[in-house]
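Now, the feature entries from Swiss-Prot:
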type	residues	note
COMPBIAS	1-13	compositional bias 'Polar residues'
REGION	1-20	region 'Disordered'
DOMAIN	71-296	domain 'Radical SAM core'
BINDING	C86, C90, C93	[4Fe-4S] cluster binding site
BINDING	C129, C162, C221, R291	[2Fe-2S] cluster binding site
Amino acid sequence: MVTQAATRPSNDAGQDGVTEPDILAVARQQVLERGEGLNQEQVLQVLQLSEDRLEELLVLAHDVRMRWCGPEVEVEGIISLKTGGCPEDCHFCSQSGLFSSPVRSAWLDIPSLVEAAKQTAKSGATEFCIVAAVRGPDARLLSQVAAGIEAIRNEVEINVACSLGMLTAEQVEQLAAMGVHRYNHNLETARSYFTNVVTTHTWEERWQTLTMVRDAGMEVCCGGILGMGETLEQRAEFAANLAELDPDEVPLNFLNPRPGTPFGDLEVLPAGEALKAVGAFRLALPRTMLRFAGGREITLGDLGAKRGILGGINAVIVGNYLTTLGRPAEADLELLEDLQMPLKALNASL
C-alpha cells in the first residue's frame, strides 16, 4: 500500500490527480538503503524542493553520509605556490592576468611552503594541497613542486596533494613519481554551461587531465563552484557529470564574487539554496568525500557551516583560501569537536 507520506502531488500532475513518489522517499530507499546515487532528473527534483523541506533533506543527506562514509571528517589545508598572472580567463577568478584584479603574480619560497605544511598538520589535517595559478605547469614550476614535496616529506607527516592546472601524460607520471597523493582539477560547472565560465580552454581538456591522473594511480579531487549563474537544471547536470567521473573527493565552492572579474557583480547564492545543493550532491554521490571549500563563509556563515556538516559534508578546508579569507582553523575544529565528529587519521588517508 502506498502511504501519503511516500507520495506527493506532481508539479506536472493533471486534473486526474496523478501522483508520483516523493523524491526524498525514493532517496531513502535508493540512496540510504542501497547506496545508489540519484540520477540527473532525480537531483533536479531535490533542487526544486520547497524551502520548508530543507531540514528533511539535510537530515537524510546526513544519514546517507554516516551510512556510506562514516563519521570521520577529513581536514585539509591549501597553499598557493604561485599566485596570480594566470593566462586563462576563468570568469570567477581574481588570479587571471586578463582581468583588472588587485591580485599580482608572486611565488612562495620552499621554507615558507614547509612552514605552512607544519601549521596545517598541527591543526589535525591529513592533506596539504600545493596550488598554482597556471594553465598547466612548466619545467620551473614542476621543479619547485618536486623540491617542495621533498622538503615537506623530510619534516612533516602529511599527505601532499597538488592543483597545477591541465597536465600532459608525462607531467602526470612525474607527479605520481614525486609521491603526490591526490590531484585537484575542478570541472567547475556543468558541461553545458562551461563556455559561460571559461573560453580559453575546454571542459573536455579538464576531463582528460582527470582521467590521466586516475590512470596513474593518484586520487582524483574534482568539484566546482555553485552560484555562477547556472540554472537548477545545469546544477543537476553538474552533479551527474561528477557522478560519471566518480572522483575520490568533490570540493563544493560557492561563488564569492571578486572585484575586477566578469562575475564580480553576481549575487551571492542564498544560504538555503546553497544548503539544498549540498544535500542534493550528497544524494547523488553517497560514497564520495564531499568537502566544504571556498565561499561558504560569505554564503552560509557560522550557522550554515554546522548545518552543512550535519547535511552531507564530511571534509573541510581549514584556514584561508588562495586569495580570500576562510574560517579560522580553530573555529572549524571546535565545531567538529562539539558535533563529536572525529578527524580522519593520517593512516586512514593513505
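Positions of Cβ are set from backbone N, Cα and C atoms, glycine also.
Annotated features taken from Swiss-Prot, shown on the structure.
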residue: C86; record: [4Fe-4S] cluster binding site; CB count, 10 Å: 23
residue: C90; record: [4Fe-4S] cluster binding site; CB count, 10 Å: 24
residue: C93; record: [4Fe-4S] cluster binding site; CB count, 10 Å: 25
residue: C129; record: [2Fe-2S] cluster binding site; CB count, 10 Å: 24
residue: C162; record: [2Fe-2S] cluster binding site; CB count, 10 Å: 28
residue: C221; record: [2Fe-2S] cluster binding site; CB count, 10 Å: 27
residue: R291; record: [2Fe-2S] cluster binding site; CB count, 10 Å: 22
Through the lens of DSSP with three states only, how would you label C162 ([2Fe-2S] cluster binding site)? strand
